[in-house]
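Asks: Can you read through this structure? Questions will come right after.
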Amino acid sequence: MHVRYTITIHGRVQGIGFRPFVYRLAIANNLRGYVRNMGDGSVEIVVDGNEHDLERFIDALKHDKPPLALYEFMDIEKSEGGSEEFANFSIFGSVDTPSTVEPSIPPDIAICDECLHELFNIHDRRYLYFFITCTNCGPRFTMVRALPYDRVNTSMAEFPLCNECLKEYKDPLNRRFHNESIACHECGPRLYLVDCKGRRVDAAVVNDDDNSDDGNPIATASRLIEQGCIVAVKGIGGFHLITSAYDDDAISRLRKGKRRESKPLAVMARNIDAVREFAVMDEVEESILRSYARPIVLLRKGSNYNLSPLVSNLDTVGVMLPYTALHYLIFNMLNLNALVVTSANVSDEPIIADDDEALRLGFVDYLLIHNRRIINPCDDSVVIVNSCSPMIVRRARGYVPSPISIDVYSSRCILALGAHLNVTISILFKDKIVASQHLGDMDSLKTYTNLCNTVERFCRMLNVRPDVVVCDLHPSIPTTNLAYTIAREYGCSLKRVQHHHAHASTLLIEDKKVNMVREGRRGMVCIVCDGNGYGYDGNVWGGEVFLIDGSKYERVAHLMEQPMIGGDLAAYYPLRMVAGILYSSSVDGVEDYLYSRSYTLPYGRAEMDAILDVARKGRYIKTTSTGRILDAISFLLGVADRRGYEGEPAMLLESVAYGGDDVLKLEPRIINCTLDTKYLIEEIFCSMKRFHTRDLAYSAHVYMAKGLATLALDNAMRHGIDTIGISGGVTYNRIITPLIKRYVEEHGLRFVHNSIIPAGDAGLSIGQAYHTCINDTSLSNN
């Protein structure tokens with residue numbers, strides 16, 4: 001019997017070769033009908049045929065989908081007796097885009113196996129072509145100007161197709177059917193090598209032997225890297241600075257040029273076997289390294305670590321595998337198994353995507369440049385595996401702009417701007433949140449300008465106009481000022497969300513708790529630990545426990561308030577935290593110790609005089625920050641005496657603590673739902689000469705984890721809640737989070753943490769948008 005199926009699929013189904021997949025599947029099963037892209041980002045399929053053939057088609061549609069396809073839901077309507085309306089199966093043109101579009105732009109995807117095979121196949125017409133792509137791989141987001149996602153709206157519009165590429169582009173049975181980045185040697189982008197003054201480089205000029213590169217700029221650049229040069233290489237989302245991962249001198253020059261004194265640098269390894277030469281990984285970490293997103297994965301250094309010590313001062317190293325044809329071609333012409341591959345910028349500024357700006361860097365020896373413009377600059381993503389679970393640290397290439405589905409529906413458009421560090425923006429509309437790529441810290445005009453441009457670009461790309469703009473509670477950071485400006489210019493309302501409420505809200509998305517919350521039932525107890533966030537009392541929060549009950553967020557516990565003398569200076573010079581905590585202690589020898597360590601301060605003993613004077617007079621702000629406590633312990637144990645980058649003292653302490661023993665065996669001292677952290681600092685101070693640094697560092701982590709878990713468990717038990725979650729930057733700590741998880745699960749409760757949404761401030765805009773939606777009944781409904 002002949003029947004008809006009308007199938008609508010929502011999810012990531014456009015721009016990834018999905019229609020050709022459906023076409024081939026329909027032809028193989030003798031079906032008639034059509035497939036077409038819909039303006040809301042979905043795909044509509046209408047098929048007529050024999051019921052048995054249709055069932056086989058549906059089964060393959062569900063289980064054999066393209067590697068990049070992601071179904072959110074599939075609606076299937078069946079009707080009896082298919083008509084003779086269709087003579088064959090066709091790919092129809094796209095339906096016009098509605099006023100507000102569902103995002104249908106896939107993220108940039110690592111080169112696929114088929115393209116990689118063609119790249120090194122001497123008989124293929126794209127042999128050794130650096131920009132080989134197909135519908136299963138290559139740039140997407142970084143080259144699109146506007147929707148619909150057609151070649152004319154991308155930076156590839158500047159490269160008219162040759163006859164061979166046009167033939168492939170129009171053939172529905174070809175892997176490059178409607179591949180908007182299709183190109184070849186004949187018609188695509190070209191690559192060239194220049195010196196630091198922008199002059200084209202002749203291969204013969206840099207060769208020091210008789211081996212000729214035959215004018216191949218990739219071969220020449222590879223040779224220069226082996227010789228210790230720093231080469232800026234233009235990729236799909238911006239420039240990378242590349243040099244040998246084994247060359248101390250080259251890495252030292254790179255650090256000086258980037259003004260990146262100690263923050264770890266990312267490494268690209270030739271292949272998985274090369275990774276094993278310097279790092280250890282489990283199956284989960286290896287699968288993420290190999291995934292189509294190809295993020296940087298933070299791995300523990302192996303006992304056989306053989307890279308330069310200047311790559312990373314931690315016990316971990318950030319590693320990624322090649323993800324473009326250009327990367328594979330560089331390695332193919334190198335004798336090195338690992339390269340430093342870091343964003344081309346001055347520290348904390350946006351990644352450089354413009355050729356002229358890259359030339360102005362000043363410390364780069366050569367530049368390998370292609371002539372395709374980068375529309376949306378995008379850094380590499382970063383992932384860590386903690387307790388066998390992946391956590392995204394930085395959500396950028398490979399993940400953006402894939403939407404995050406939520407289980408509420410907003411009747412208006414919400415734009416959220418994040419806070420001050422690791423800023424992203426998020427746009428919530430209907431039942432989706434689209435978050436931008438990593439934009440960086442708002443400490444420079446370039447980063448702020450990039451933020452403003454990203455807001456404009458995303459609103460235009462998604463064809464939305466914000467009805468509500470959301471920012472942090474902090475009154476004087478750039479994103480707050482921008483929110484007020486946007487509210488005036490767009491005539492939209494402005495909402496401010498407390499920093500740690502936004503972190504906690506990301507856990508509701510991760511755990512799909514909102515339906516339960518909206519019904520007024522018990523929700524979740526959330527631990528939020530980070531370096532800082534502006535609190536309702538004007539102090540710096542960062543060690544909080546919240547009870548989320550219905551739409552109410554109640555601060556039910558926290559770390560003990562400690563003096564943060566000098567405000568942000570205390571984050572850069574941990575001795576300030578130590579002095580603030582211990583100045584009133586009855587422990588012997590505190591003042592002598594503080595002055596003996598005052599050389600770590602810019603103004604030495606005079607500065608310590610001022611610090612203690614402020615402490616005695618009580619003229620300081622207070623903080624409950626977990627990060628500042630870990631910084632203080634790091635200083636006491638001689639691990640770090642100042643901060644070179646965000647979180648450095650705490651991360652160094654974690655590195656030292658790994659593999660230690662709990663020699664102090666302290667039980668959490670809790671008074672009125674407050675964890676006593678002064679007690680911990682005093683115990684560490686008194687034990688410094690009795691135990692090994694590693695064991696004291698581990699003991700401190702155990703105390704913090706056990707204390708935070710106890711605060712959360714007490715409140716969960718008291719209120720009949722079965723779920724405890726953790727968010728904030730400290731979530732990435734591979735000692736504290738697993739310990740909290742263990743304590744929670746030993747008491748029979750569920751434990752959740754961030755996975756697809758960054759736990760740190762990179763996920764803050766997502767939480768801000770969601771918090772605003774579920775706490776304002778005029779904006780959302782289920």
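Any Cβ shown, glycine's included, is placed from N, Cα and C.
The active site annotation in TrEMBL covers Arg19, Asn37. Sequence annotations record features per position, and here TrEMBL assigns domain 'Acylphosphatase-like' to 4-93. TrEMBL lists 215-398 with the feature domain 'YrdC-like'.
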Asks: CB neighbours of Asn37 (active site) within 10 A?
Replies: 24
Asks: How long is the line from the C-alpha of Asn37 (active site) to the C-alpha of Arg19 (active site), rounded to the nearest angstrom?
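Replies: About 8 Å separates the two Cα atoms.
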Asks: Going by DSSP, is Arg19 (active site) part of a helix, a strand, or coil?
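Replies: Arg19 (active site) sits in a helix per DSSP.
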Asks: Helix, strand or coil: which one is Asn37 (active site) in, per DSSP?
Replies: strand
Asks: Ten-angstrom check, please: count other Cβ atoms within 10 Å of the Cβ of Arg19 (active site), all chains counted.
Replies: 24
Asks: Which residue counts does DSSP give the domain 'Acylphosphatase-like' (4-93) for helix, strand and coil?
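Replies: Grouping H, G, I as helix and E, B as strand yields 24 helix, 37 strand, 29 coil.
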